[in-house]
Each structure stands twice: as structure tokens, then as C-alpha cells.
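Right, one structure below, let's go through it.
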Amino acid sequence: PVLVESLLVFTVVLSVHAVVWDRFSWCAVALALQAFYVQFKWDRLLQLGGAVFQFRGAANSGLLPASMVIPLLGVVMKERCRAAGIVYFERFGIVVASTGMLLALFLSVLAVGITKPVPTNTCILTGIAGSVIIYTMKHSLTVSEVIEVLEVLLIFVYLSMILLYLLPRCFTPGEALLVLGGVSFVLNQLIKRSLNVIEGRGDPIDFFLLVAVVGVVLLGLFFTVLFIFMDSGTWISSMFFHMMTAVLGLGVIMPWLYRLIQRNPLFWLLQFLFQTQTRLYLLVYWTFLAASACGVVFYQNAKRSSESKKHQASTITRKYFHFIVVATYVPGLIYDRQLLYVAAVLCLAVFIFLEYVRYFRIKPFGQTLRHLLSLFLDERDSGPLILTHIYLLLGMSLPVWLFPRSCAPKGTLPGAGALVPYSGVLAVGVGDTIASVFGSTMGEIKWPGTKKTFEGTMTAIFAQIIAVALILIFDSNVNLNSSYAWILASVSLVSLLEAYTTQIDNLLLPLYLQIMLMA
């Protein structure tokens, strides 16, 4: 399975390289080659228990698929913005690609350094790939851009040491690279923009995303350190938790956001949410869907009898939430993407806050949340945190958040790029859901070395093609310009990757589909 997964990732890398064909795409090929070799060193360290931290079990390291996501996103973003003539975001794409390559190299060097005996061939290959990438960065980046890349690397190193120590068995090395690399980049962007505020420059919804992500991460770090010294399950600790959340929110996060958008954040948010009648209808509809999701949770827990406390929800039951998320995102993508952008940010902040309440057993809802959510755990929730629902939200939202709006003057990219905001809906909402449902109920022919079935994968591909046809009918902004073969190839590659990867597919699949569609 690892070899097939690697082959699929190489296919994506070479496809992007064939389209872009510049020094950065060559660097991506070099990075993929060395990550392929180093991945086996990480896998061996995980099997022998020689890794520095405790990583999630029942999965390989995932270094190769994770290493290529951020560099390839930067490369395709650079190419799209270069074609649109937007120099600022073309340079931003170069910084993203360079940052992703440096973070992946750091993780590779770490694995090579702690492997005993030292793997000579892998060291040589990593050194050659690193030399090529650093030489390219030297001749492509300005001094300020080099400093920015090194700042992200420094934040990533410290954040990794803290969070991987505090949260054992929550991530594989690849998932840690993706999640912590993304958070490090967001934190650095927020610091950079806070120090260079120019009135009227920048979209408030972008600042809203940056402040929300950094705010909830800092909130979690603060309480994690605090509750080392006190019992989090008492009423006094719970009151202190709620009080300090209010203080940090109103005393730090709100003023920070005010400095960036130059207006009262609460008034701006209320004005934004209720600006048009369409937004009001969407908010009412989303409230109904949120209530339905809560109803599913309560109903499934009510069915759980006292004799079967170890009973877990079936795969089909868990996929109810995928259907609800698709029903949430599709109208937002068609009618008001900016509202969907902001609503997804708010939802992410609420999800993470509720996970803090559950994890720290904050009264009065902490223990109740533990009981309700324990029914929906699977083998990927082996650590102290429950992250699968947050990964589902991220997988659906990242294509919306990462869509290069400034490089798409008409609000959409030409050709297959028009489907980029729908990457999460197609890969996770439709493809992964249909593959799981049909594979678990009717699948008989299993892919070699996996539990996934041939029938599930083929049905997922067919369902995504139908979904693309429906998007063409209902979204007038989508014009594919005869790029159907590329779309079919992209959907097929990502569906096969879903069958073979042991990483969190809710997070990985939408990003790879977005890369292919943007290329």
C-alpha cells in the first residue's frame, strides 16, 4: 500500500511538473524523491518506537504525501497568479512553495539524524535534494522573503516540540507537518500583517481567518500549561476557564482584529452576516442543518443501550455528517462564497473551543460531550483529542479559504480551476462518503493490501463525475472549457489515493484535488 500511495503522489507531482515546468517544479520532483526514501526511515522508527515523540499508531508516517502538499500548492498558486499578472501573489506563491519545501526537508533531516545506524545513501540523497532547493531559493527569493521562510521554520520547530509533547498519539509525522506547518504559516502571516498595517489594504475576512486560527491555538496552549498545575475538572477551574476565555477574547483577540480591519469586529461581523436577504436565508438553513446534526448525535446515543456501552457508530452512521456537510457547503458555494468563508471560520473556532471543553472536562458540558462523542470514535482518534470532525470541517473549508481570489478577477478560475472551491465537496463530501457506504455494504473485491474495495472506489469516481455535471447545471459561474479529461484524471487519482492512504483522508484528499484542478 505504501508503494502504491507513493506512486500516486509521484503521478500528481509529475503532472504538476509537466504543466508548470520551471525551477520550482524541478525542486518539487527532487523533494518527492528524497521524501520517498526518508519515509521508510520514519516508518522503521515508528515500528521500533525510536521516534522522538509518540505518533498515531495503525498508520505509516505519511511523509511523502504530506511533504508535497504545501510546495505543490505554492507552485500552482504562483503559476495561476503569474498568468493573471498579479505579481504580489505570484511572489506569495513562491514563498509558500519555498516554506513547504524547507519544512519537509527539516522533517527528513530529523528522521535521518535519529536513525541508527546512519543511512548513508538516504543522507546523500537528502543532501542533494536540499542543495538543489536551497540553491533555487537563493536565486529566487529576496532577503525579506528568505527571512519570512526562516521565521515560519522557527515557529514550526518550537510549535512541534510543544504540541507533539503535550498531545501524544494525535498525529502521524505527515499530519503533524501539514497541521503544524499550516498553523506556523498562519501565525507568521498574522504577525507580519499586524506589524505592517495599512488602512484600507487587505480583505477583512482574510484577517478574520488569521486571528481566529491563531486565537484558538494560543487559547489552547494557555489552558494546557495552566491545567498542568491545577485540576481542570472542578467548578472553580471551570469558572476560571470561562472567565479567562472571555478576557482573552475581549482583551486580546478583539483589539488585535480591530487593529487589522480598522473597525469594531462585532459590528463588522453582524453587518456582514445580515447584509443581504440571501445571507439571512442561508443562515436560517444552516441553523436547521446544525440542529439536524445535533439530533443525529442525540438519537444515536439514545439508541445505545446500557448493555452495550462499547458499541460504536457504524461507518454509514458517521457518513450522515458528510451528507449534512455537503448540504451545507453547496448552497454557500453557489450563492455566497464570502459568507461561507466567514461561517466556516466561526464553525472552526466553535469546534475547537468545544474540544477544549471536552478535553479539559470543563463543567457543565465537558463530561456530557465526552459521553456523546465517544460513540463516534474510530481508530484514528487514538490520542487524547478527538479531531476527525475538525478534519472534516477543514477538508471542506480549506479549498474555499485557499482559493486565490485576487488572481481570479471574475471570481472564478478558467477551465478545471473553476471547480477548486468544490474540491472538498467532491473529494470528501461525495467521493469518500460514497466509497465508504458502497464499499462497506456491497464491496467484495479488495484492493491489494487494504480494506478498501474496488467497487467503492469506482462508485466514488462515478459519483464525483455526476456531482461535477450537477455543479455545471446549477452554478452558472463554472465553465470548464473542455477540460473534462483532466478533471476525470484528477478525480480518479484522488479516489485511488483514498483507497491506499492511511493518513487522515478528510484533510489530505481535498488538498490534492485542489492542486490538480489548479494545475
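For all residues, glycine too, the Cβ spot is worked out from N, Cα and C.
Features as listed in TrEMBL:
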- 7-37: transmembrane segment (TRANSMEM)
- 88-112: transmembrane segment (TRANSMEM)
- 118-137: transmembrane segment (TRANSMEM)
- 149-167: transmembrane segment (TRANSMEM)
- 240-258: transmembrane segment (TRANSMEM)
- 278-299: transmembrane segment (TRANSMEM)
- 320-335: transmembrane segment (TRANSMEM)
- 341-361: transmembrane segment (TRANSMEM)
- 382-402: transmembrane segment (TRANSMEM)
- 422-442: transmembrane segment (TRANSMEM)
- 454-474: transmembrane segment (TRANSMEM)
- 486-513: transmembrane segment (TRANSMEM)
Apart from its near flanks, which chain residues at least 6 from the ends of the transmembrane segment (7-37) lie with a Cβ under 8 angstroms of it?
63-65, 67-68, 71-72, 74-76, 78-79, 94, 97, 101, 104-105, 108, 121-122, 125-126, 128-130, 132-133, 136, 140, 489, 493, 496-497, 500, 512, 515-516, 519
Looking only at the recorded stretches 88-112, 118-137, 382-402, 422-442, 486-513, which one has the largest tally of CB-CB distances under 8 Å to the transmembrane segment (341-361)?
382-402
The transmembrane segment (149-167) vs the transmembrane segment (88-112): three or more C-beta pairs under 8 Å (separation of 6 or more)?
yes
Quick one: find which recorded stretch in 240-258, 320-335, 382-402, 422-442 has the most Cβ pairs under 8 Å with the transmembrane segment (278-299).
320-335
With pairs 6 or more apart in sequence, are the transmembrane segment (422-442) and the transmembrane segment (240-258) linked by at least 3 Cβ pairs under 8 Å?
no
